[in-house]
Amino acid sequence: MAFTAMAVTPAFAETNEEDPGLVMNFYKETCPQAEDIIREQVKLLYKRHKNTAFSWLRNIFHDCAVESCDASLLLDSTRRELSEKETDRSFGMRNFRYIEDIKEAVERECPGVVSCADILVLSAREGIVSLGGPYIPLKTGRRDGRKSRAEVLEQYLPDHNESMSVVLDRFASIGIDTPGVVALLGAHSVGRTHCVKLVQRLYPEVDPALNPDHVEHMLKKCPDPIPDPKAVQYVRNDRGTPMKLDNNYYRNILDNKGLMTVDHQLAIDERTKAYVKKMAKSEDYWAKEFSRAITILSENNPLTGTKGEIRRQCNMANKQHYKD
């Protein structure tokens, strides 16, 4: 049987609309179980590998902030194109193979219907819940891109030691305002930071802005001025509630316990400081702003309608013409 991505009946066919864009419950007719399957898979993976939830949260940022929320992040390198996964900005990202597990589970129920871009976004939503964060209703209907965006990635993703002006500008370009940026950085409440990303605050001299009580722990975890990127040398982002996505991050950075330069800048910059203090006091306020920012991020310039494709496997674009 011949198969192309376009052979799939789109979820909006009966409405005679060419492209409804993103909508709630996009798959309600074509794959009503899709969101439940993704939720169950994320839960199963979290039971076996707790760090998968951090990966899903990081994925939505690294994919959706770079031009389009189209799962370009998940594409492997080809002879012609470098994968986004292999760039410096993607250092430390992992668990991509488990996205394929989720995709396979969805494919068993509804072959060729649900995009990897929607799986990436919905797995992030469920990962946030696994970590104790808010449940965020998100639209679906994204389609998958065919090209890596590795060449332009650094124009969109701020690095850990960028100035606060650069960080705010990059996010503003996709419609996320200052409180939204402050809330998104609260994702640094979970997971851990590789010593590569923070040694410039410890060597050759310790950054005097760091809380002395925290420095001892950081030096113990990062004993080398030039750490081996492949070595398992990490510091937990939040020693108090390391597995919980909460507002403890803001209390830490106000106490000068932020690990990366961007964390410290967030707490002292005049444009962000008031929001940091407000989020340190109110988890509800943080959750509201975080949910709003994730929603904007998830809707950044998606491919919808007949643009892009529905990938068969998330790590590679479909061949233009198949024979089964």
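We number each residue from 1, going along the chain as drawn.
Just so you know, glycine gets a Cβ as well, placed from its N, Cα and C.
Listed in TrEMBL as the disulfide partner of C69, from the options C31, C64, is C64.
Looking up C110 in TrEMBL gives a disulphide bond whose other cysteine, out of C31, C116, is C31. Using a 10 Å radius centred on the Cβ of R58 (site 'Transition state stabilizer') and all shown protein chains, the other Cβ atoms total 21. Listed in chain order, the residues near the Ca(2+) 2 site other than D238, T241, D246 are S189, V190, G240, P242, M243, K244, L245, N247, N248, Y249, each with its Cβ within 8 Å of the site Cβ centroid.
Ranking the recorded positions C64, V66, C110, C314 by how many other Cβ atoms lie within 10 angstroms of each Cβ puts C110 at the bottom. Counting every protein chain shown, the number of other Cβ atoms lying within 10 Å of the Cβ of E84 (Ca(2+) 1 binding site) is 24. Across the domain 'Plant heme peroxidase family profile' (21-318), the model assigns an average pLDDT of 94. Cβ neighbours within 10 Å of C195 (disulfide bond), excluding its own Cβ and spanning all shown chains: 24.
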